[in-house]
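Undergrad: Structure provided below as structure tokens; questions to follow.
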Amino acid sequence: MDMKKRIHLELRNRTPSDVKELVLDNCRSNEGKIEGLTDEFEELEFLSTINVGLTTVAHLPKLNKLKKLELSDNRISGGLEVLAEKCPNLTHLNLSGNKIKDLSTIEPLKELGTLKSLDLFNCEVTNLNEYRDNVFKLLPQLTYLDGYDKDDKEAPDSDAEVYAEGLDDDEEDEDEVDDEDDEGEQLLQIHNKCTRLMLFFMVHCFCFS
């Protein structure tokens, strides 16, 4: 499926200005270019175009509110200077699996003052000597490179945290249900004892009468 059709499907009868997240993974770009995405997507905060055959981001529209951009597993080798102009508030950028070979290719990212996280897994640039140190020097605004900070501390996984919180909530709900079950059993036992006592007294009263 080509990118234009995929965007149309993802809209689901919404207007572009209603969309905050857009996932276009594994569709086909037009000659390596982004197609069908316009500046009407003014509220877009998350865009994913994984494995769509991109060779350039030059046709990316102006997306002032975009914070997370997934470009992994494409064929991008340069032209990143447009990101500062098109996505000035970008905080997370994933370029893993692209054709990025040297530090000069990512140097334009210096202009993205809000960029906190950059991923370059499976790019040739990661094979350079002192790769991590040099990237942090080149892009001092970065907090995380390939998932780790300067001190090799792993970036928090917000999705995992949300999932864990969900599990905790489920366990609490189960505990509440168990407590309710225990209380119910206790009440039933008391009720049965009372019933037996009443029957006992009724039988004895009948006999003595």
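Positions of Cβ are set from backbone N, Cα and C atoms, glycine also.
Annotation source TrEMBL lists domain 'U2A'/phosphoprotein 32 family A C-terminal' at 128-146. Look at TrEMBL and you will find 149-183 tagged as region 'Disordered'. As annotated by TrEMBL, compositional bias 'Acidic residues' applies to 157-183.
Could you place these features in context, so I can see how deep they sit and what lies close by?
TA: Counting only same-chain residues 6+ beyond the ends of the domain 'U2A'/phosphoprotein 32 family A C-terminal' (128-146), those with a CB under 8 A from a CB of the stretch are 102-103, 106-107, 109-110, 112-121, 155.
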Undergrad: Need one number: mean pLDDT over the domain 'U2A'/phosphoprotein 32 family A C-terminal' (128-146).
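TA: The average pLDDT of the model in the domain 'U2A'/phosphoprotein 32 family A C-terminal' (128-146) works out to 98.
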